[in-house]
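Here is the structure we will look at, set down as structure tokens.
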Amino acid sequence: MADIKNFLYAWCGKKKLTPNYEIRAAGNKNRQKFMCEVRIDGFNYIGMGNSTNKKDAQTNSARDFVNYLVRVGEMRSDEVPSLGAELGDSIDGASLKSEGFSGPTGGPLPPHLSLQAESSGAAPMRSNTGFNPPAYGGGAQWERGANLKDYYAKREEQEAQATLESEEVDLNAGLHGNWTLENAKARLNQFFQKEKTQGEYKYSQVGPDHNRSFIAEMTLYVKQLGRKIIAREHGSNKKLAAQSCALSIVRQLYHLSVIEPYSGLTKKKEGESVEPYQVNLNPDIVKQLQSTIQELGIELPYPPEDPSQPVSLNLGKLVHFEPSQKQSHSGVVPWSPPQENWNPWTSSNIDEGPLAFATQEQISLELKNEHMYHIQDPNIKQVLIDRESLPVKKFEEEIMHAVHNSPVVIIRGATGCGKTTQVPQYILDEYIRNDRAAQCNIVVTQPRRISAVSVAERVAFERGEEIGKSCGYSVRFESVLPRPHASMLFCTVGVLLRKLESGIRGISHVIVDEIHERDINTDFLLVVLRDVIQAFPEIRVILMSATIDTSMFCEYFFNCPIIEVFGRTFPVQEYYLEDCIQMTQFIPPPRDKKKKDKDEEGGDDEETNCNLVCGDDYGPETRRSMSQLSEKETPLELIEALLKYIETLNVPGAVLVFLPGWNLIYAMQKHLEMNPHFGSHSYCILPLHSQIPRDEQRKVFDPVPDGIIKVILSTNIAETSITINDVVYVIDSCKQKVKLFTSHNNMTNYATVWASKTNLEQRKGRAGRVRPGFCFHLCSKARFDKLETHLTPEIFRTPLHEVALSIKLLRLGGIGHFLSKAIEPPPLDAVIEAEHTLRELDALDSNDELTPLGRILAKLPIEPRLGKMMIIGCIFYVGDALCTISAATCFPEPFISEGRRLGYVHRNFAGNRFSDHVALLSVFQAWDDARMGGEDAETRFCEHKRLNMATLRMTWEAKVQLKDILVNAGFPEECLMNQVFNNTGPDNNLDVVISLLAFGVYPNVCYHKEKRKILTTEGRNALIHKSSVNCPFSNQDLKYPSPFFVFSEKIRTRAISAKGMTMVSPLQLLLFASKKVMSDGEFIHLDDWIKLSMAHEESACITALRAALEALVVEVTKEPEILSQLDPVNEKMLNMIRVISKPSTAGISLVMGNSRFGDGPRPPKMARFDSGFQGNRGRGYHGGYNSGGGFRGAGNRGFRGSRGGSGPRGGYQGGGFRGNYRGGNQGGGFRGGYQSQGGYQSQGGGGYGGNFQGRGGFRGGF
């Protein structure tokens, strides 16, 4: 094979082409590999190869490209030196047996009566396999997509028009021609009059009455463009929703050059004004500042001569990334069929062992012999009999015929029909029987981790194998990969998207399950696959969905065939709220008359309560009880009554209870456990949530002994993703939690909303697996009739920054162009905002290609601004803390609190920093210490401090993953070592963490007025969220040391509240949390609403420090290793930022005058000198990466331990020298790595164990 490179070169020479090879280092520091990509002009394919040396990597990439040229008919396989056989064509269908199964039942008899009248019948079957093969090479256009050429032609002109002003309801109006909520609707009406057309708003609503959101949607045909544009926006009332929808339409018309920019004066609603804040800097600090700026060679803006003509202090970018070559065409993710010497699951060539040299024929023969021997096992024969009883078995021949003849097939199957576990096995077994095993590798995506793992384990069981043979899984934090040939990988969509960077190489079939869920990752994957199918028609894509309308998917994929699989095993009878009340004779407990905070409720605009509507068929007691129940709340007592009623039926079977979120699951679990009836041994109550550990999740599948009732309390995770076989009863709250994000005001609305009719149908389908089932919907029939058919797809209600980065990382062309091909494209204004944000962060260069910074951000599974915050944290050697804070944003708070406000036990974790983020950091560090004493010590600590252990463990996993990605990107391990922070005394490292946090959460800045009241951007009113450590217990009027705070999210319920708050100094805002800084000579104006009374030159120097730091970020992301030896000028600049970050520099003392909420004494410090030579705890003096730990001083870098030498060396994973800054001196003790402990081994989780191979290597992805 050594001459394959020369062969390709000679072939290119004849065509006057040149192959271009690009080699880069890959892998981690323990096992260096090289990746080579080869491109040839005129071919939309990238040949890829990797190996432990550059020469073999080049050879492997050349061979991959030659294989591609053979597949597309550019050369013959017999011309190629030692090239393996190509894919064959035939798949023989298998004959199938048909069996009957039960059908639906009649009217709503109560279960105790319907049990006496059980019956079963046959359900009809039908299929639709008509398929019109498209012209796959023709790049078929999806008509919903936008034509963006006019927009991109105008890019530079729009950039010039963009303003940096920050408004409360329109933070980014300047980006969109200055069209705002106030002026857009009038302009849209003018457009309608001129065009003699009319757009109609279609309204829908989500959420219960007390927290309702309205959605306004409009589809408008634009004659000038010859196409439709769509907007879908939400607001707290119809008027606001319609205004937001009109704004989206007008902004899209502007970007498509149909209407002009707004030329009038933008009216700003006057918010409440913020008093100027006096800042006096120490003269010594002023001298240091001036000296630093002088050494950096930065020229400062002169003071204004006229206060009415303020000058900008923003210096812009001092250093730019060099623009990379603009991508000339829309890329397609490369695909190749399974080949010899290639492992698709690790995306690497097989350099060692027999598989490195075996041909496909040899591999196929060996696997067939093994398979034929295996199926003779009596246990396997019994499993085969069970598999044949599944409804999908009757459709095997039809499915295989469609898969063979069509690149795309949709399989629509009822819950529990067996499609998820059986279809991949049908395909694989067909290939094995036909001597083509080595030509088959199947990837199956699932929307959630639990489903990917549980389905993989089920399939492995059915095949009589250990997981990791023909079947494996890969989810975030954990992978068990299957063999390289004739195998199935079950993974989350996020994991597959991460793998796409290496292409879909060596995979014959992609199965996307649960396409109806419409999460943003699945929608993204469908666009990728649609393009891949057109470029490579040989690939096979199977889309699987529940029994919902799939016509949109069918149309999107070129009118592909749909196979409908019927057969819910047993019928399910459903009941509504009035039925449940009548059959249980339920009487609600007296309403809690405790008055709610008026500011929390924000008014009493109650809508119709459907619980007041009850049919005449029901008795007066039922109607009275129903009217006393509020639709706002989930009736836990009624669920309890239903469980007791179910017990009287004496029909064995598990009960699955659907609840909208973890808080209610926890509340319901505690409610039942406190009741002696349910707390006894006759009940087994199990929570099921995506955030609990997998070992806990697995328990829901385990059978229980006779006489015990299993009750599973679950979110919608159990709706479609997993099947629990013994469920007979479903109790459905009919609600779910969704996150609605509005970009123009940076507002997040976490709403518990009514689920859709489709959701309810899926939930009902979870019952009736082992016998006729029962479903109790806790909504009235009147409410059911009002439910939406489907919920809004996630792509319409989430920021697009992360998706945009993925598009650029995968080289798929322009962000807007790619997203316009989505099954339901997001509005153009949302796309432009994502692009603008990424350019502002320096993630995209002037050609809209990824910068080195953008490439790192694209690989971090975190919001891009937080990713950049972590990178700056590495520059200051506080990377670990910022990785912890970023990881914590992915999960709920770890605090368990029955009341709305946090208790003292939780508030104490914030020390005197007035910070939810510091509290999180302190909790995490205290837990990290406690768990070193073993699982019992960890459990005791969490129970004593009322913390959710599962959340803390997941945060640890996420933090380690983020740190691994940064280390793989080249950042020194020393800048990511654990540190101990002092939250009650001076700690300059903690000051820096808070400064960088202000950068990470910008533009979320607020000013404390009184009690719970705060002002956000432009002086708009909001409240401190009740879950904050800063939320007062009563009406006492607190004065914080600084009135300025930054916060993680703005939440809208009936009032707007700020969640995740941290107190900052005005200098930290000036340095990191302001976009527009203006000086009028007397005051410094931050983002047009905060006024600081400070000298012009001092503020200009501080603003210049940020520009200098941004310039350093450019250099560091090009070559992260330079952090080990920074030049003195940058060292001085970083030390100056450390000084500015100190609260005392701004004249702020962290000790409050009055006793803070009566917190009592702070908890005792955990001992720090407990780590040396502790073999029993699995830590000690050895470091995780053989890297020196050292410690860092408060002001200066300090010194680091010898790299790789002897003596006490800290570990990157485990902590290094965990010094504790107190008044300028280092205290504390050594804290070693986790090498021998290996993470959570005693909990069955494994760990990274000091290097990336500790648990199967770094698995890079979601």
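Any Cβ shown, glycine's included, is placed from N, Cα and C.
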When Swiss-Prot marks a stretch as motif 'Nuclear localization signal (NLS2)', which of 196-208, 326-338, 1158-1170 is it?
1158-1170
Kindly point out the range from 5-9, 150-154, 160-164, 255-259 that Swiss-Prot annotates with region 'siRNA-binding'.
5-9
The annotated motif 'Nuclear localization signal (NLS1)' range in Swiss-Prot, which must be one of 588-597, 598-607:
588-597
Determine the mean pLDDT over the domain 'Helicase ATP-binding' (400-566), rounding to the nearest whole number.
93
Between 183-255, 400-566, 638-811, who has the most Cβ pairs under 8 Å to the domain 'DRBM 1' (3-71)?
400-566
DSSP-assigned states of the domain 'DRBM 2' (183-255) in counts, ordered helix, strand, coil:
34 helix, 24 strand, 15 coil
Using DSSP, break the motif 'DEIH box' (513-516) down into helix, strand and coil residues and give each count.
2 helix, 0 strand, 2 coil
Counts by DSSP class (helix H/G/I, strand E/B, coil) across the domain 'DRBM 1' (3-71):
29 helix, 23 strand, 17 coil
